Amino acid sequence: MRIATWNVAGIRAHIGALLEWLRQEKPDIVVLQETKTVDETFPRLELEALGYNVEVHGQKGWNGVAILSLVPFDEVHRGLPGDDADEQARLIEGVFSLEGGVVRVCGIYLPNGNPVDSEKFPYKLAWMERLHSFVEQRLSFEEPFILLGDFNLIPAPIDAHNPDGWWGDALFRPESLERFRSLLNLGLVDALRAVSLEPNYTFWDFQAGAWRRNAGIRIDHLLLSPQAADRLENVTVHKDVRGWDKPSDHVPVEGQFTF
DNA sequence: ATGCCGGGTACGACCCGA
């Protein structure tokens, strides 16, 4: 079973690259972020033509998440609980039945939080605290649970080409990292860190020649419950996709599991 | 210190991203 995350930076703008990657790799389940469109204009038919079941949680202009799956959905949940006034589409979860049992896959687009002196930063922190409660509840099921997506968090200095340049940014500052560690401390495993102690970047800015200079950061993560971590075989960062024509600024990150 | 680039909205110029 291969389960991937990809921030597509606008699904209508990058549908060609998405379809090409899916045709090449045929992952079983993919969570998408920054689809940037309402459900009515989501390119569902092209994805269904490749055999994917499609569930979306869209929003006009920005945000927006989705799950593509070759396995039928048992359940779908949209939105992060804990604030009825929050209208930003940043979380979608699917539950799937496999031969070996159930697997729960939750895709997130965690708020960026910049600039830190705006209301966006406290929104990020509050969103992380709601996520903490949500994950705590999910872990109580004691089943394979995969929380993956664009976390907008640089876990450690090794996860940035220029960590000093990022320090203080909403992606890499104490208040953000404290909450990220607290989330991990619930009992989640950072899958890529578990299989590799090398620098692995998943995002290169469109600006300032970041890709050419390999000035990347690792902000797209797969976090695993113990029951999922036991089944982890490997993680692949599809770095080559960043060099395609008209790419997203993020690349797909894929976990391989024995279920 | 800010913009760089790029998508979306809407069709000029701004919001948003990381």
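Just so it is clear, glycine is given a Cβ too, placed from its N, Cα and C backbone atoms.
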Among A:ASN7, A:ASN53, A:ASN234, which residue does TrEMBL annotate as binding Mg(2+) at the site that also has A:GLU34, A:ASP150, A:ASN152, A:ASP249, A:HIS250?
A:ASN7
Roughly where does the domain 'Endonuclease/exonuclease/phosphatase' (A:4-250) sit in mean pLDDT, to the nearest integer?
97
I want the residues beyond A:ASN7, A:GLU34, A:ASP150, A:ASN152, A:ASP249, A:HIS250 whose C-beta is within 8 angstroms of the mean position of the Mg(2+) site's C-beta atoms, in chain order.
A:ALA9, A:GLN33, A:TYR109, A:PHE203, A:ILE219, A:ASP220, A:SER248
Per residue, counting other C-beta atoms within 10 angstroms of the C-beta, which of the binding-site residues A:ASP150, A:ASP249 reaches the highest number?
A:ASP150
Inter-residue Cα distance where the pair is A:TYR109 (active site) and A:ASP150 (Mg(2+) binding site), in Å:
5
Secondary structure at A:TYR109 (active site), reduced by DSSP to three states:
strand
Whole-number Å value for how far A:GLU34 (Mg(2+) binding site) lies from A:ASP220 (site 'Important for catalytic activity') (Cα to Cα):
13
